[in-house]
Each structure stands twice: as structure tokens, then as C-alpha cells.
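Asker: Take a look at the following structure, please.
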Amino acid sequence: MNSIIPSFRHLPSSSPPPRRPSTANAPTDFFLLWRYQIFDPDSDIVSYWNHVFLVICIMSLFIDPLYFFLPYVGGPACLRTDASMGVIITVFRSMADLLYLSNMLMKFRTAFVAPNSRVFGRGELVMDAREIAMRYLKSDFVIDLAAALPLPQFVIWIVIPTTRNSRADHANNTVALIVLLQYIPRLFQIFPLNQKIIKSTGVVARTAWAGAAYNLLLYVLASHVLGAIWYLCSITRQFSCWKMECARENASKLLACVPSFLDCNSLTKPERQYWVNVTNVLRNCDATNSLVDFKFGMFADAFTTNVASKNFIVKYLYCLWWGLRNLSSYGQNLETSIYIWENLFCIVICILGLILFALLIGNMQTSLQSMTVRIEEWRVKRRDTEEWMRHRQLPENLQERVRRFVQYKWLATRGVDEESILQSLPLDLRREIQRHLCISLVRRVPFFSQVDDQFLDAICERLVSSLSTEGTYIVREGDLVNEMLFIIRGQLESSTTNGGRSGFFNSIALRPGDFCGEELLTWALMPNSTSLPSSTRTVRALSEVEAFALQADDLQFFAHQFKRLQSKKLQHTFRYYSHQWRTWGACFIQAAWRRFKKRKMAKELITRESSFYYRSLSNPESYYIDDIEDEDENIERTSTDSPTNVQHLGATILASKFAANTRKGSNDQKVAVIDSSSNSLKMPKLFKPDEPDFSVDHEDG
């Protein structure tokens, strides 16, 4: 595209800055813009104009048959033309002609693909204005010019007023002939325009309802044209009867019937009023009288209902209804005479109605079925699932779980296979879409608040959606872990028995923002990890859960690609938010507290035994009794102060009695000390989760 902006690059430095172009040069600028502007046939502006011009073509096809409604019965045995309605129709028709002319100018500036370059890909665009013009002049120019000429306006406002001696039927038949002749190129313009829109955008209507409305509008257009032709033919048939009776009266030479009497402009003439009183034209051309010799056939309804003498709105709506009724019923309700043109018209109605109605039903069915195709596929799949479950005689609880999962998956995805849609897109576009869909959800996970955007993009690219219904077990304790879940919606229960240890059970609730399957991350960080790790917890869905999953291969990729995962800070963050590590920490603190209490109790017992030993040496008899009493009180106090010391009561009594029995022993005998690590006092330990062996400490990855 050549630039029309002037360049001031070669102006001397002392020259003043260029002035802004004045509005007086606007026509020149527009001419330059038009001269050098060439449009791409697949550009947005050309596509938008094609849609607009398609609407204009359909509106113009509605406007042209309105000329057929201009003649009407304005009095007894006379016709009149509706001049005011003719002005309105002419204005709209002239506006449509200007838009047709604009489309011709648009085609002179729209590039085309060279036919010899369509070997591979889109092809090469021809941007030369001369070649574009020559190609257009040789192809569609004649049809577009014939469709844009204002022929009906020229006939009505120039030809007819210059021939004042013309009769009403002559004027209307001329207009009808012109309209019908020009209707053909205007109708043919729609078909290549449809193909052009489909070629550039794929479809004419973007939604199913718009497609159904478009096909229905075309059917109404056909009914509108058919009703307008029927009305004009009815007027023409009535006028033919009047002319026939006038010719019969003139042949009998009993009464003179002047052809100008059939024009309502002669209603005020005295001779015309006298002729109306004595003529037989009105009686012999009465469509409501079935005894007359002249048969109106299918056109009698226009006069039996007095539609021919009503205003424009009434005429138009009645004729539109007549066209819709007979086009939909293929003309089966029409009663015709033996008039040849009337029978040909009925044949055309029957054939045209059969074709158009079949096209309407087929196209509308296709458009509306595209809206419910997913629902129908889901119904078929659900029916097949029900038949399979009955055939396999599954228990009722399993059947109900399957039904809940199918229903929940439909509500979440509406039957759309998101994975196949994403895989059909280019890689870069797929990454952008995945980031848009997942980035806000991934950032809800506190663990990912410590990572950079590059790592988040890699995670979003590899996340896959996971749906679980209530009661579904995500993983059981001891099973292999093959994915790590990040919860988006719903609630999970994570429980453990520490490898089936009796008397041990821990359960927590996982909510949106939490994650499970952290054993997989520890496994991925191992330098020489081989087989998948086993789960230390059982995870079950407490409600419908939506989550994103990271597979084992993806985690290994992250561990080797992003060294930041091996930093101590990120590992501490992971341990802080990991429920597995939290449970291990709580159990570790609890076990340490119990060991502390045992050591404290043992130390107190040793102190009492030492004091008892030295006191027994000084006063063996009296102290023995006091020691027994103090021992009993100490036992009571110890048993009531701490419930955790009940299990050590037996050991304490035995140790005390052993010390009392050896009070008379030799001074070299040592005091027995209770081993706090004996099997009877050992507490079950929860083993610490496996840690990766980092040979080098990477703080920042």
C-alpha cells in the first residue's frame, strides 16, 4: 500500500515547520486516499462491508415488489395510482441504488488472488489497481450495473408523466416489467455474496438462531414477492374484464365506452358519470357474483374481500399472508379458472413452494440442531451408560455414583472436549489460553507465591483439569502416586494410619488452595528416582471437587528444568503448607514431649530414691515407716496429677520396693535406674517423610 503522507525529511533545517493541511484540500486528500487505497479481500473492513451489503441486498429485494401495490381500485370501474406511497418507495429505492453503486466502487479497490499462485497456501494478492479494474470489468461489472440502475424511478417519474395519454394498466405493466427484469440481477448478486462471506468467515450467521432467522427471512421474502405479484395480477385481471366489456359495448354501438373512463382521473367528468349509470361493466365484472361469465379464479379473493380498494398497510399484510399460506401449502387450496397464465402461475407456486419449504425446513433444522447437538450426544452417551450398567448388573450404589459423575461432568464442561480444542491450536496460542485460564487459580495456591512467572507459565501449560464427585477416592494409602492435585473448588478429606499402625489415625480437611500428593514432589527432587512413590495418606472427596493435576513426568521436568525448586527457602515453604509435613511435625512434637515427661519423672524418682537411701542409713527403723507413708502419698499424687503417668505406676512401685528392701545392703550397692527406653515405655513413632539428598545447597535455584 503506497503512503500518501508527505515526507518532510529533505527540508532544510532553517525552514519553518510544515503547516497542517487545511480543510480546503479535503477533496484532494480524499482523491489521493481513494487512488492509492487497495483493500485486502480477507480484511475486517471488507468482511464487515460484505455483511452490510448482504443486508442491503435483502432490503432492496423487499423494496422493489412494493411498486406492485401502487395501483388500486379508486372508484367504480376505475384504477388509481398511490402517488404518496410511490414517493416513499422511490426514496428508499434510490438510497439502495446508491449503496449498490458504493459496492461497485468497493470492488474496484478490492484486491484478488492471482489464479496461477494458488499452488500452495493462500496465494499472492494482486494489488495493482489497473489489473483489479480490468478483471472486474470482465466479470461482474455488467450484472452490478444492471442491478444499480434506477429504472423504476425513471419510468414512474419521467416516462409516464411525459405520456399523459397512457392508461393506468399500461403504466403499471411497464413498472412491473422493469421491476421483474431488474429483480433477476439483484437476486443473483446474493449467491456470490453468500459464497464470499462463507469463504472469508466460514459462516453467514455466527449463531444458530441468526442462521435460522436468516433462512426464515428468505422464505418470507419469497412469500412477499409472491403476494405482490398475485395482487398486481388481480388488478390486471379486473382491468382485463373492464376492457372486455367496454369492447363489447362499443361493438354493439348502443353505448360508447371510452378507455379513459377506466382511469379514476375522469371521475368528475359528466359523461363518465352518465356512463357509469347505464353501463353493464360493473355488473358483468363483479367478482362477488358467481353467475357472471368472466371467471376470476384465484384472483377473486382480492375483490371479494375488497383488498384492492384498501389502504397500503392492509393490502400488504393480506398479500403477505396469502403468499405465506399458499407457498407453505404448495398452492393446494387455490381454485383456478381455465385462464392459461393463471394456471402457469399456480404451477410456479406449487414448484417454488415445494423447493423453498424443503430448503427452509432443512436449513432451519441444521441451524437449530447445531444448538442441541451436544445435548443429544450427552443423552446418547447417558443412555448407553445406563444400558451397560444394567447389562453388567452393577450394584445400585455404583450406578448412582456413575450417574453423579456423568451429570457433574456435563455441568462442568457442557459436553465440550476442551483438550481436543486446545491441541488443535498453535503452541503459542495454546500457552496464552492456558495461562489465561489457569494463572489466577494457580496463584491461589500459597506454595506457588514464591515462584517466578516463568515457572508459573510452565505449570499452566502442563496442568490438566480433574473432576471428582462426592465419595470418590482420589488415592488410597499405599497406592502409587502418579499426580499432584491442586484444589480449586470443593473439599477433600486426607487421612492416614501411619502404615496401618494400630491405635493411630490422623485426618484433616483439604480446601481450595491446598494440594495433595506431595510425595510426588519429594520423589521428583530425588536425583536418582526410579519407581513412583507410595501414598502415605488416603484422600477422599467430601463434595464435588474441581482441581488441576500435575503428572509425575511434568514434575520431573520441573525439578530438572527449574533449579529454584531445590532451594532451601522454597522447600521450607513447601513443608509449611504440606499437610503431610504438618502431621509429621505435630507427631514429632508430641513424641518429644512424652519423652521429656518420662525423663523428668525418672529424674524425680532417682532423686527420691537417693534421699531415701541416705536417710535410711541414719535412722533405718523410723524412716522405713515414714518412707512407706511418703511413698503411698507420692503414688497418689503422681497418679492424680498427670493421667499420662498411670501407665508408669507399676514400674514406680516396684522400683520403690526394691530400694526399700536393699536399705540394709552394703554401701557399695548402686541404685537401680529405670531405663526410659524400655519396650514397655516406648511410644509409637511417626517416621519423618523422605527428604531428597541435596549434595549442593541452591538457595536461589
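Even glycines carry a Cβ here, placed using N, Cα and C.
Predicted automatically and left uncurated, TrEMBL annotations should be read as such.
Sequence annotations record features per position, and here TrEMBL assigns region 'Disordered' to 1-22, 681-701. Positions annotated as transmembrane segment by TrEMBL: 45-63, 83-101, 141-160, 212-232, 338-361. Here TrEMBL flags 447-576 as domain 'Cyclic nucleotide-binding'. The compositional bias 'Basic and acidic residues' annotation in TrEMBL covers 687-701.
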Asker: Can you tell me which parts of the same chain pack against the transmembrane segment (141-160), counting only residues 6+ beyond its ends and a CB-CB cutoff under 8 A?
Answerer: 64, 67, 86, 90, 93-94, 97, 100-101, 103-104, 107, 166, 171, 174-175, 178-179, 181-182, 185-186, 188-189
Asker: Going along the chain, which residues at least six beyond the ends of the transmembrane segment (212-232) come within the CB cut-off of under 8 Å?
Answerer: 58, 61-62, 65-66, 68-69, 71, 172, 176, 183, 204-205, 298-299, 302, 307-308, 315, 318-324, 326-327, 345, 349, 352, 356-357, 359-360, 363-364, 367-368
Asker: In the domain 'Cyclic nucleotide-binding' (447-576), how many residues does DSSP call helix, how many strand, and how many coil?
Answerer: 44 helix, 40 strand, 46 coil
Asker: Mean pLDDT across the domain 'Cyclic nucleotide-binding' (447-576), rounded to an integer, is what?
Answerer: 79
